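Worksheet: the structure to be examined is printed underneath.
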Amino acid sequence: MLREVRRIPPATGQAASGGSVHDDGVTFPVRGGGRPIIATCIANAIEWYDFAVYGALASVLVAVLLRPGPGNGGLTAIFAVFATSFLARPVGALLVGMRADQVGRRRLLAATILLMAGATAAIGLLPPWSAVGVLAPLCLVVLRLVQGFASGGEIRVSIAYLLESSPPRRWGYYGGWHTATIALGFTAGLTAAVVVSATLSMADLQRWGWRIPFLVALPLGLAGLYIRLRLRETTPFERAGRSADRSAAGSSRASPTIQAAWREHAPAVWTGFALVSVLSGTFNIWFVFLPSHVVAEDIHDLPVALACAVAGLAAAAAAAPLFGLLSDRVGRRPLLMAGTSLLCLLAVPLYELVLQGSMLRLLVADLAIGVLLGTLVISAHIAERFPVIVRASGIALTYGLATALIGGSAPVVASLLAQHGFSVCVPLYLLGLSAAGLTAALRSPPVVASGDA
């Protein structure tokens, strides 16, 4: 049972003039104004561009990197490779998150973006199946594992850094921007895929055009690395570290671990798991699986499918900060309950719209899903459930489990269902995830970041 409702008092004194209140009402200055927030969000968008390109060009990668074969088995195989990166995510999340609680957020943020960009650019250099045979998909799997390790650490540590650099009374708003920049990164990746698929013939796209969006990741990653190397460590972490240094040797604060986060905050982990599963599963089915699926089934052309997905992601990016700001006033639970309830009600009818072959209906469905995902103010909700000394570890554990077990496998599950004639079950799968998320939202205590509630 959940027993505790933790409230962070409204900012006073120093906090009122630009500081922030973290954990038990302790006041810290917010360093550099909005610069850490802007820098984290920009670099986060660059990193998620890398992840989006793979999903957007999945149907092309089937023809280039896999053995030619009949049916949609190749698409399922490509999504299985997509899922392998999510198997590496919890490893990256746990190792990077735990290390970030020990040495700081800033160093790890620089390392993850370099790994992600390098692996993505390397995918753009892979030789085709016709040249090296099975070595092509094997190298793809290795590079996807590197991507997964990097992104697994990235999102957890960047959430901790972003929120610890912002006033807690506005954690919902800034957490919404973190979600928005994931959507913007995906939007940029899909846009790059739209451009190359719309301007090149399918033959040129398969021969060399598909490589361009992957190779663009390298200069983008270097730009993100430059941004992150200029960041400073968060004040709450530095203060917590000094307190840990003064604590008795062997105490949990002196050596924060994943085990400590699990042992002391298991209810937060499980409710967070269900909520992240809704966000990650819905996101990956709708904006990774569906564009390639409707192309493979000749329901829509690739440029149309990707353009509508871009519009849906733009809607998510616009909605997330607005709903985050609203959650700072009314609390996280009402929005989480509303968002998951609407997903339960609309998953099936919106999926049916996608399959009707109308571009307008596809656009409406993508926009609706984008707005609904924007209501899920998960970043702030989960971060508030963990104290600063185990925050990155707790976020890592929650996100790592959910994305590995649910998010990463969602496109594979959907593709297998469609391949065997059970595509009607895909929206029912989304319905089940949303119902579990609604249950978790109902069981979550009304933790708020200010005294407003």
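Yeah, the Cβs are placed from backbone N, Cα and C, and that goes for glycine too.
These features come from TrEMBL:
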- 1-20: region 'Disordered' (REGION)
- 36-449: domain 'Major facilitator superfamily (MFS) profile' (DOMAIN)
- 51-69: transmembrane segment (TRANSMEM)
- 75-96: transmembrane segment (TRANSMEM)
- 108-126: transmembrane segment (TRANSMEM)
- 171-196: transmembrane segment (TRANSMEM)
- 208-229: transmembrane segment (TRANSMEM)
- 268-290: transmembrane segment (TRANSMEM)
- 302-323: transmembrane segment (TRANSMEM)
- 335-354: transmembrane segment (TRANSMEM)
- 360-383: transmembrane segment (TRANSMEM)
- 395-414: transmembrane segment (TRANSMEM)
- 420-442: transmembrane segment (TRANSMEM)
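Take the transmembrane segment (75-96) and the stretches 171-196, 208-229, 268-290, 360-383: counting Cβ pairs under 8 Å, 268-290 has the most. Below 8 A, the CB atoms of the transmembrane segment (108-126) and the transmembrane segment (51-69) form 3+ pairs separated by six or more positions in the chain.
Between the transmembrane segment (335-354) and the transmembrane segment (171-196), the number of CB pairs under 8 angstroms, six or more residues apart, is fewer than three, so the stretches are not in contact.
Contact count against the transmembrane segment (208-229) (Cβ pairs under 8 Å) is highest for 51-69, out of 51-69, 360-383, 395-414, 420-442.
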